Amino acid sequence: MHHQHGLFMLALLAFLLVMTVLGTDTGKKDKQEKKVKKSDCGDWQWSVCVPTSGDCGLGTREGTRSGKECKQTIKTQKCKIPCNWKKQFGAECKYQFQEWGDCDPETGLKTRNGNLKRALHNAECQKTVTLSKPCGKVTKPKLQESKKKKKEGKNKEKLLD
């Protein structure tokens, strides 16, 4: 009786071992097939960011890709256009700008150049761009100084209270 019970346990153990090995192999095959399907998909191509309202702030962009076995070929992504972007260059084109040049007395303008730093989402960008602005006195530092004085005055008032 013990001999039959031992053989039964041995057979059961062998069966479980075979099933475990077979289960592992089929799992690997499934994973490899999934990898093949993923590699069949093309790269995502993204449209420009379209603001929800106005010409800056939160918006969306649409992405597309090709491939026979791709489950998802179109998707929408949230994006943001900074409100201080240079509209004529596009939100996806980021430039490194030089310092402003001297004022041209004939045109009344000063200029500076920018070199392309980064093109986001496969955007087509100009390699170099030029900005111009009217010459004039810079009043912003004076405004900042007056704001500091106001803050100092408020702080003194708080200390007196």
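The backbone N, Cα and C atoms fix where each Cβ goes, and this holds for glycine too.
Look at Swiss-Prot and you will find C41-C70 (among others) tagged as disulfide bond, backed by similarity to another entry. The secondary structure of C41 (disulfide bond), as reduced to three states from DSSP, is coil rather than helix or strand. Taking Cβ-Cβ distances under 8 Å and a sequence gap of 6 or more within the same chain, the neighbours of C41 (disulfide bond) are R65, S66, G67, E69, C70.
Positions annotated as disulfide bond by Swiss-Prot: C49-C79 (among others). Sequence-distant neighbours of C79 (disulfide bond) (same chain, 6+ apart, CB under 8 A from its CB) are C49, L58, G59, T60, R61.
Residues within less than 8 Å, Cβ to Cβ, of C83 (disulfide bond) and separated from it by at least 6 positions along the same chain comprise C56, G57. Taken from Swiss-Prot, the feature disulfide bond covers C56-C83 (among others).
Look at Swiss-Prot and you will find C93-C125 (among others) tagged as disulfide bond. Sequence-distant contacts (6 or more apart, same chain, Cβ under 8 Å) of C93 (disulfide bond) comprise L116, A119, L120, A123, C125, Q126.
The disulfide bond annotation in Swiss-Prot covers C103-C135 (among others) and rests on similarity to another entry. The DSSP secondary structure for C103 (disulfide bond) is coil. For C103 (disulfide bond), applying a Cβ distance below 8 Å and a minimum sequence separation of six or more within one chain yields L109, K110, C135.
As annotated by Swiss-Prot, region 'Chondroitin sulfate binding' applies to 86-93 (among others), with the evidence given as similarity to another entry.
Per-class residue totals from DSSP over the region 'Chondroitin sulfate binding' (117-125), listed helix then strand then coil: 3 helix, 3 strand, 3 coil. The region 'Chondroitin sulfate binding' feature in Swiss-Prot is assigned to 117-125 (among others); the stated evidence is similarity to another entry.
For 136-161, the entry in Swiss-Prot reads region 'Disordered'.
Positions annotated as region 'Chondroitin sulfate A binding' by Swiss-Prot: 141-161.
According to Swiss-Prot, the feature signal peptide maps to 1-23.
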> Over the region 'Chondroitin sulfate binding' (86-93), what is the model's average pLDDT?
Replying inline: 70
> Using DSSP and three states only, what is C93 (disulfide bond)?
Replying inline: strand
>> Taking 10 A as the limit, how many CB atoms besides its own sit near the CB of C56 (disulfide bond)?
In response: 16
> Once the chains shown are all counted, how many other Cβ atoms turn up within 10 Å of the Cβ of C125 (disulfide bond)?
Replying inline: 17
